[in-house]
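The following features are taken from Swiss-Prot:
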type	residues	note
COILED	49-90	coiled coil
COMPBIAS	113-131	compositional bias 'Basic and acidic residues'
MOD_RES	T156	phosphothreonine
MOD_RES	S241	phosphoserine
REGION	91-131	region 'Flexiple loop that anchors MAPRE1'
REGION	105-131	region 'Disordered'
REGION	131-254	region 'Binds microtubules and protein phosphatase PP1 subunit PPP1CA'
MOTIF	92-95	motif 'Slightly degenerated SXLP motif'
Amino acid sequence: MASDLEQLCSHINEKIGNIKRTLSLRNCGQEPTLKTILNKIGDEIIVVNELLNKLELEIQYQEQTNSSLKELFESLEEDYKDVEHLKENIPPHLPQVTVTQNFVNGSDLDPEEPVKVEEPAPTKKPPKEQRSIKEMPFITSDEFNGIPAYMKSRLTYCHINDVIKEINKAVVSKYKILHQPKKSMSSVARNLYHRFIDEETKETKGHYFVVEADIKEFTTLKVDKRFHGILNILRHCRRLSEVRGKGLTRYVIT
């Protein structure tokens, strides 16, 4: 019984001590000098939080770069192995490489050995020049940091560049069809070709653009609120502009 009473007293005293400490801290917060210090600490916490956000974005960018470099290294390593394999396993039916000299001394020639005259290789026709397709440049880390916070929301640097990559995919797919000879088109490509032509206007002449139907046709992107939010960011960064007409919004690559 006595031990229970002691435990109860100890518990009550602990609660009283907690209340006293709380009241003491509350009073400290009302003092002008301490209040100024607390406000400074709060401002510094906000600055540190912004720095941490920038650091997180930089880490994501470095990870993406590191991953790309790793893939490039693996690809080059495979190419090098293939070249070494071909070098060590040259088929016997291929002609051997002969070393020719521009100047030969008359004393070095064997008068009984006929001189071999090498015929010039036939000139190959230069390949037909392919028409280049304009693509949207990726957002840089400095540009991302300059985007207003209300536009970015929870979007990251990688999210925006992933969408740019898909938009470029749609642009390239569309204009490959437009540059393709009509005789070699399939029925599906021909239908798309006619749609592309119908969607052109005077404002889009000479420019590369896509519409939402192209995004759905050539990519796996969802044309939703998040997608349109990223389009607003791309307009802010001057990566694209909009041309409206005939019930369509055309996203022109700038």
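Cβ atoms are placed via backbone N, Cα and C, with glycine included.
Assigned with DSSP, the residues of the region 'Binds microtubules and protein phosphatase PP1 subunit PPP1CA' (131-254) fall into helix, strand and coil as follows: 66 helix, 14 strand, 44 coil. The average pLDDT for the motif 'Slightly degenerated SXLP motif' (92-95) in the predicted structure is 61. Here the C-alpha separation of S241 (phosphoserine) and T156 (phosphothreonine) works out to 22 Å. Around the residue listed as 'phosphoserine', taking its Cβ as the centre, 15 other Cβ atoms fall within 10 Å, counting all chains. All chains included, 15 other C-beta atoms sit within 10 angstroms of the C-beta of T156 (phosphothreonine).
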